[in-house]
Structure formats: structure tokens, C-alpha cells
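Participant: Pasting a structure here, questions to come.
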Amino acid sequence: MPELPEVETTRRGIAPHLEGQRVSRVIVRDSRLRWPIPEDLDIRLSGQRIVQVDRRAKYLLIQAEVGTLISHLGMSGNLRLVEAGLPALKHEHVDIELESGLALRYTDPRRFGAMLWSLDPHNHELLIRLGPEPLTDLFDGERLYERSRGKSIAVKPFVMDNAVVVGVGNIYATEALFAAGIDPRREAGGISRARYLKLAIEIKRILAYAIERGGTTLRDFIGGDGKPGYFQQELFVYGRGGQPCKVCGTTLREIKLGQRASVYCPKCQR
């Protein structure tokens, strides 16, 4: 599943080609995504100029002069730029054609993504309850410490809760907890302020570096320019269960936490 760095990589790849451009038409080949694509999307968006391409958590917000297209990549989706009129392949569900001659093409083999229309996106039901962005000053270790008090939930699903902080998905939670030396099974409420301060620093560092590296390509992700991400080449623990720890050589353990696979080092993480 594309996580925050992959979505931000997509945003950075497509924004320069969309912002300031006028939409000539929208072609919807299959509206059956997680939620149906609005039947009148072509009418609503065609003729409008795209003002800005923003991101909130893992949602891309394509802001037009009136209204915003809210897009989520789901489990296997991607948005990339192609020449308008390029014949579509299987699973290429939507083209947003621009007057420049390019088209923003949405591909989603598993159809778990979304393309929704809103006149007030930040108060949309999918966005209004989201926590702070991890790479802003609104998120820090103090927030993690305060929100964790009295929580018996394991720390890994706690930091993956979008009400606590957005965009810390399975890959980056696994890596950040390793970097901070915290066992992902520990109760969130039993972790000290000092360790949460360290964890917040590592979350910010790892997310920022993953964005710089173009995200993590495991199976389906490609950026808006059609290129894969390269952060997967530098993963310390995610997806490496049963292999030696890159720091101490101890065999990494793989467990299930909150219905997600989690890998950790029993020596480095306490």
C-alpha cells in the first residue's frame, strides 16, 4: 500500500504539470472504486483550471477553481502523466486530460482507491478527524507521550493511528521503532517521555529521507513520473523477518500486531 512518502512523491511528480493547467475533459472507464467515482465528474471538472495539488495524510487534493478532487491510491493505485489519447490498458480507470496535451492517468488493479469530489475538502468526512502531519511542528514526542497515557495498546498500532499522527504506516512505523530502539509490542502507556521524544525524531527523519529517495517500491508503487522508489534498498527491518539484524546480527523476529506483520530485533529493541 502506498504510504505517506509514496503519496508525497506522487504529488511532487505531478504538481508542476497540473498546476495552472485547464482540464479539457475527464474520461472515466470504470467508476467502481472503493467508493463510486461521481457520475458527473467530467461536468464538474472540465473547463476548470487546476490551482494547486496538495496532500493531507495519504489523500491527494487536486484543487480546482471551484471544488477539489480527493484521491486515494488504495492498496495498489498510482497516478502518472501520459500523453492524452494514449490507449488505456486494463485497470487504467480514469484520465484527466489537460489543455497541455498531457493526461493524469489513474491505475488501480485492486480498485481499493478513491476519486471523490468536494466543495469543502478539509471538512470532508474522510479528512476532518485526521491528526497532525508528521513533518510539521504540530507533531512531536510530547504529543505522543500525552496521547499515550493510559493506553494499553501496543506502541506500533498506537503510532499508526491516524488520529494520533497521520501517514505513519506499517513500513515506516516498523523502521522508526527500530531506529528508536523500542520493542513494537510494548504498551504505549508504559513508554517514557524521553523515548517518545526519540521516536518522534526518528519518524520525522525516516519519512523525510524516504520522500527524498522517492518512496518505497515493494510491488505496485511507481511515482507520477513512472519511476519506482528507492527507499526499500535501505530498509533495516521491514520485510526482513528471519534475517540477521544489520546492526547486531541477531535474527529478526516477525510477529502479528494489530493484524499487520511486524518485524523487530529482540536485542536492539527493548
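Glycine is treated like the rest: Cβ placed from N, Cα and C.
According to Swiss-Prot, the record shows the following:
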ACT_SITE  Pro2  active site, schiff-base intermediate with DNA
ACT_SITE  Glu3  active site, proton donor
ACT_SITE  Lys58  active site, proton donor
ACT_SITE  Arg260  active site, proton donor
BINDING   His91, Arg110, Lys151  DNA binding site
ZN_FING   236-270  zinc finger
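Show me how these features fit into the shown structure, please.
Facilitator: Look at Pro2 (active site, schiff-base intermediate with DNA): DSSP puts it in coil.
All chains included, 22 other C-beta atoms sit within 10 angstroms of the C-beta of Glu3 (active site, proton donor).
Close to Lys58 (active site, proton donor) in the fold, though at least 6 residues off in sequence, lie Pro2, Glu3, Leu4, Val7, His72, Leu73, Val166, Gly167, Gly169, each with a CB less than 8 Å from its CB. Look at Lys58 (active site, proton donor): DSSP puts it in coil.
Under DSSP, Arg260 (active site, proton donor) is assigned to a strand (E or B) in the three-state scheme. There are 15 other CB atoms within 10 A of the CB of Arg260 (active site, proton donor), with all protein chains counted.
In the three-state DSSP reading, Arg110 (DNA binding site) counts as coil.
Here the zinc finger (236-270) returns a mean pLDDT of 97 for the predicted model.
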Participant: Helix, strand, coil: count each for the residues of the zinc finger (236-270), based on DSSP.
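Facilitator: Per DSSP, the residues of the zinc finger (236-270) fall into 0 helix, 12 strand, 23 coil.
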